[in-house]
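According to TrEMBL, the feature active site, cysteine persulfide intermediate maps to C97. Taken from TrEMBL, the feature GTP binding site covers L265, A266, G267, K277, D322, D351. The feature Mg(2+) binding site is assigned by TrEMBL to D351. Annotated domain 'MobA-like NTP transferase' per TrEMBL: 262-409, in sequence order.
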Amino acid sequence: MATTIYHFNKGVFESEAGDLVQEYPLTLHVNGREMATLIASPHDLRFLVAGFLRLQGFVNSVHDFLALSICSDYGAASVTIRGELPEKLKPVLTSGCGTGISFNLPQVAQKNRAPGVHEPATIFALMDELARRAEGYRAHGGMHSAGIGDDSKTLILHAEDIGRHNTIDRIAGEALLKGIELSGKILVTSGRVSTELVGKASLLGIEVIASRTSPTDMAVQMAEKAGITLIGYVKNDRFKVYSHPAGICVPTEKGKIAGVTGVILAGGASSRMGSNKALLPHKGGRFIESIYRELTEIFPEVILVTNTPEQYDFLPCRKVADLYQGMGALAGIHAGLAQASNPAVFTVACDMPHLDPWLIRHIANRGMGCDLVLPKSNHGFEPLHALYRKGCLPVMEECLENGQRRIVSILPKLRVREIAADEVARFDPAFDSFSNINTPQEYYDLRNATKAQSGEPLCPVDEAQTKTHAEA
């Protein structure tokens, strides 16, 4: 709506024609009863009405609508839905501009799917597109905008309104009427994030909420409970994460990961192999040399946990011994973590021949906000191929001092971030990273597989076993 606007600048008034935000009251009748008057912007009102009823819990699908009509001239909406409205509806004034009205306090919905992981670049791209689409704000200010996107870095839906609570109602309504699934998507918004917005996002299955401004304290608590990654102050190349930081993954780029030490566990007895398997020939050197080379490309520090350091003089790294002797792999992990110069360690066993550097980087970059990042294969947890932070040490020491040797004994007392098997499979579909070599037959199979790849003639198992002991 155009009007004359007077600017006062440096003691002088100047006039110009400008646009103002339109405030449009829409009286909503449902099943013949007047329910509410929605204060909104005057466009796409069918989406606003449908989304309002959806997020208030009065409809669940497009089939719940028997009739929906809008009379713009009289500011009225008439809707007929299946079922009956409650006899007594108690309105709640929300914190939205306007003020907003809700008939149900926001609740956290039950999540029916595993959460995804999204890159920061996706958040920045969606927020930039939201800014480009904010036509109303550029014209005259005073408008809120919101959008729904995904990892394609493109907004699927977009809405503008004078009330920030109306923008998500509009999105919910348009998605419902067009049959667009919102579960697992990312919501970007120009406005403050309140409990009302988080509650509505949870009902829609939204995984990430990102805003250019701040959330309220109760919104953060609700997002934490709902499993939603809540992001604020998105600007340029930075943002703040207030809940579930695991929903954001730093890209696995080349270069060493700061703050993490690579730890090779070489404290086993190798009883089934009959000799020290860490010293067996592999890839033109010894087994442990191959693993050491791979870790030095990923981490700024690599240390070896061993109680026989003299056997590994050829490795140019620090060797540390168990601080709790005879207590198995848990003691080895504890020794590496306690004596590492960085606040976190990534552990591997000395007999893991199929390490995947991209999987290692992915796991190592998921350590924010937890004590332990623990991947799973189709066989269960894989604690020898995991990230541990210094916060694990007191729990480890308590278990070791009580004679508890099993690594799983520390899990109930730690903040554990699980990496699901299907997430691991994106990097390593066969879960080869977790396999190790325990017997001469397994070593023989590995040698022959390596020979087959290089075109060398294969050797029988007895010859391979003879070489195993001779070359060790």
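Each residue, glycine too, has its Cβ placed from N, Cα and C.
Remember, TrEMBL labels are computer predictions, not curated facts.
A map of TrEMBL features onto the structure.
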residue : record           : Cβ within 10 Å
L265    : GTP binding site : 22
A266    : GTP binding site : 27
G267    : GTP binding site : 23
K277    : GTP binding site : 27
D322    : GTP binding site : 20
D351    : GTP binding site : 26
For GTP: widest Cα to Cα gap among L265, A266, G267, K277, D322, D351 in Å: 19
Conformational class of G267 (GTP binding site) under the three-state DSSP mapping: coil
Mean predicted confidence [pLDDT] for the domain 'MobA-like NTP transferase' (262-409): 90
Residue counts (helix, strand, coil, in that order) that DSSP gives for the domain 'MobA-like NTP transferase' (262-409): 52 helix, 34 strand, 62 coil
